[in-house]
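Annotated features in Swiss-Prot:
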- D140, H142, H151, D155: Mg(2+) binding site (BINDING)
Amino acid sequence: MNSESREDMAINSIKLLAGNSHPDLAEQISKKLGIPLSKVGVYQYSNKETSVTIGESLRDEDVYIIQTGIGEQEINDFLMELLILIHACKIASARKITTVIPNFPYARQDKKDKSRAPITAKLVANLLQTAGADHVITMDLHASQIQGFFHIPVDNLYAEPSVLNYIRTKTDFDNAILVSPDAGGAKRVAALADKLDLNFALIHKERQKANEVSKMVLVGDVTNKSCLLVDDMADTCGTLVKACDTLMEHGAKEVIAIVTHGIFSGSAREKLRNSRLSRIVCTNTVPVDLDLPIADQIDISPTFAEAIRRLHNGESVSYLFTHAPV
């Protein structure tokens, strides 16, 4: 059997399932792989219990379940939906079950940062494994140590290659400087700056309580520069907006915010609408409809589609850490 026939046979044994969290992304991954989504019904009873039905055989199949951590419904509903889907595939005799979770739920609760605090990201890892998951694919975990919470393989893909392409082709690249909005993201931004051969700056923020920034101090010169403010996620956008103000006050020409996970909860949209940002860019790891003239999006469905193809065929995914498939 030649390699082409072997690959065709392998692809035919993939089953793609999708929950309700991000149907658009699931459809894009499906189209790029050339594999239709399997028939799945997800319903809620009147008492809000979730019920799942799978409309075709999964026996001895390599199953990939696409379900991101955030959507139009509550995060806990999507998590429970995912767990039930995994369990349904398990008892349907699937050979292998891989969960594709572009935005990992509870990723910010990754450590015991105060007395009696739970490590909820570890709990989610336990739940996924108990339900029957054999492998996890995700992107830009808020804390990379979450991979160590699992006893099964975890592939933490990077949005970085796609972000690099965006910066090179859709920004004032020659006059740009990369900026980290906090010390925690400095390593990420420094790595990007090295690859782009650009300078970078850092904003040190002092918090009084969660989601509330009291003071920001800029380290670096941004005068007359196009500032590319890079972070892994934007939630309430308080940090991004205040960081933008700080940069503009220090003479920046413009500020473009680029994030992997655009959560945009609470009053985030209103903050962005009234901000001095020239552009807010996010990937489609979560469903986003900002309806703002300054909004732009990076499609990461090719990365997930290629990861699925490579994993299924037993190929390395390390190529995706440095290259963005099209």
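The backbone N, Cα and C atoms fix where each Cβ goes, glycine too.
Feature map: annotations from Swiss-Prot on the structure.
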residue	record	Cβ neighbours (10 Å)
D140	Mg(2+) binding site	25
H142	Mg(2+) binding site	18
H151	Mg(2+) binding site	9
D155	Mg(2+) binding site	19
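In the three-state DSSP assignment, the secondary structure recorded for D155 (Mg(2+) binding site) is strand.
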